[in-house]
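The transmembrane segment annotation in TrEMBL covers A:12-30, A:74-95, A:104-126, A:138-161, A:182-204, A:210-233, A:245-266. Residues annotated as domain 'ABC transmembrane type-1' in TrEMBL: A:70-261.
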Amino acid sequence: MRSSLLPTVAHRLAIFAYIIFALFPLFWLLKVSVTPNDLLYSEGVRLWPSQTTFEHYADVLRHSAFPTFFKNSVIVSGSTAIVVTICASLSGYALSRFSFRTKYWIIALMLLTQMFPLVMLVAPIFKILSPLGLTNSLTGLVIVYSAFNVPFATFLMQSFFDGIPKDLEEAAMIDGATRFVAFRQIILPLTLPGIAATLGFVFTAAWSELLFALMLINGNDAATFPVGLLTFVSKFSVDFGQMMAAGILALIPAGFFFLLIQRYLVQGLTAGAVKG
Amino acid sequence: MASIDIKNLKKAYGTFSVLHGIDLLIKDGEFIVLVGPSGCGKSTLLRMIAGLEDVSEGEIQIDGLRVNERHPKDRDIAMVFQSYALYPHMTVAENMSYSLRLRRAAKETTARAVSAASQKLGLDPFLERRPKALSGGQRQRVAMGRAIVRQPKAFLFDEPLSNLDARLREQMRAEIKKMHADLKATSIYVTHDQIEAMTLADRIVAMHGGVVQQVGSPLELYDRPANLFVAGFIGSPGMNFLEGRAEDGGLRLRDGSLVVLGALSKDLKGQEVTVGVRPEHVVLHHEGEGMSARVDLIEPTGFGIIVHLQLNGLPIKVFTLDRSALSCGPNIGVTLPAEHLHLFDAQGIRQGA
């Protein structure tokens, strides 16, 4: 059909343009990370350097504290993702299925927590965590990140639970399950896509968080990698090559994580449950 | 199997009352159909028996034991949902055995129960499939299999056939009836389809506005509806109603014209009444005999013919097997035979036998 050719081409071009726009910074990250230092400023603007090198990667891994930052980030993001997902599953289920008197207020309160600019809260949170010995510790970061991510994750999980017909757990309860068994054996397996999405969302949020990590942590021992990236900025120069190499390395676990969960993200597990 | 005794059962959501005191005794092995229009409370009643809705007032007894406070899992009843509610992540066999596995029944017992049920329902080739790979009718069968496997005290059906197409619905209806004849299980079946109610029930419970209107065998409800609601709800095409004042020799309509009827009860003379007559009982004649009526519309159904008439300005439906009605003129003669008239007083309550 000739008449539909033009819209199709325009559509593809638009998508292509968007992909270029979205991926170009990543490409630039990669390009700078493999450019030798002496070519970085001498070659002008080129899409790809005349010579490539992996020395920045070697430097980052061998001569910087980056492995420590990396380990800290994995611990903090992983723990936050798990804690938040467990809490959000339970609270999301409650909001989706039960009606109780304080429900409205709890939802309003959770929305309220999402309204403040985080910068406003840095000082009070520091004041609270400091006497508890939770500044400069990974546990402190996990607590703060969890607290900030639970409300949104709860709403996210609630919408996934809302999409699962009530009939299923009622059938399970009539079949002889308690509500909790029905939740665990029937509802949770069907919510895996939602759980995967929540895990992924919270993991990346914690992975790239800079503000609190910067304010609550000093010193290299408990620093996460966004803070660590700043160490490549010194008083008189910025080591762009190593910084970009570290950035690329930091992308790997996030990418790997999404590779693991993407199967659940795209899968519609509820198909066939009820008449569609 | 068990009897179910419902005593003065009430349900209210806040101040909004849904059921206004239901009394019903369901005998062991009986097939009861709850029928009524949407929002009449029939599904709520069923869900209360299942334990999915709290009881506001009154009592439910299963086998003589009060179950108001019992969780659904402790009531030992099975339910077939309108949506089938199959567990999508389990195979057909796993779906059917879920209740037995929850009870930690022995593996052999479970396997035997599942294979017996799947054989009975013709599900053998599908046991390892997931629900999404089944057709609507097959899913419906799995839902029934899931109920049979556990041999519950009672079966509850919540509009189980509403999602099927007409042909399949007819077929499954017969299968449900056969299954009940086989298992002799106490069954409560909710539907808004009066054909399902008529064909399946030992007794029909007709409900409207949260109140039981009439309880009785299908033919009792058909032949002697207790009030206007039941008269209008049961039967298709529906009963014809004529409103007016009872007089000697007939019914004086609002517009002053007289419809000639047989003898109306003497007690009702001068009172506002409604006369009902089923479409198949109206007798058609050639023009000039009986009362004259105008033909509005003729609907051949293949099996018979539905003729829409205007009798003194009132719409009347007639069902006839006589195909000559297809070629009738613009006017036709009708009589409403006295022995087939249903008489209701101003409150809509049945009068006479």
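The backbone N, Cα and C atoms fix where each Cβ goes, and this holds for glycine too.
Within its own chain, the transmembrane segment (A:104-126) is flanked in space by residues 95, 135, 144, 148, 150-152, 154-155, 211-212, 215-216, which lie at least six positions past its ends and keep a Cβ under 8 Å from the stretch.
Contact between the transmembrane segment (A:245-266) and the transmembrane segment (A:182-204) is supported: at least 3 Cβ pairs lie under 8 Å, counting only residues 6 or more apart in sequence. Recorded stretches compared: A:12-30, A:138-161, A:210-233; the one with the most Cβ pairs under 8 Å to the transmembrane segment (A:74-95) is A:138-161.
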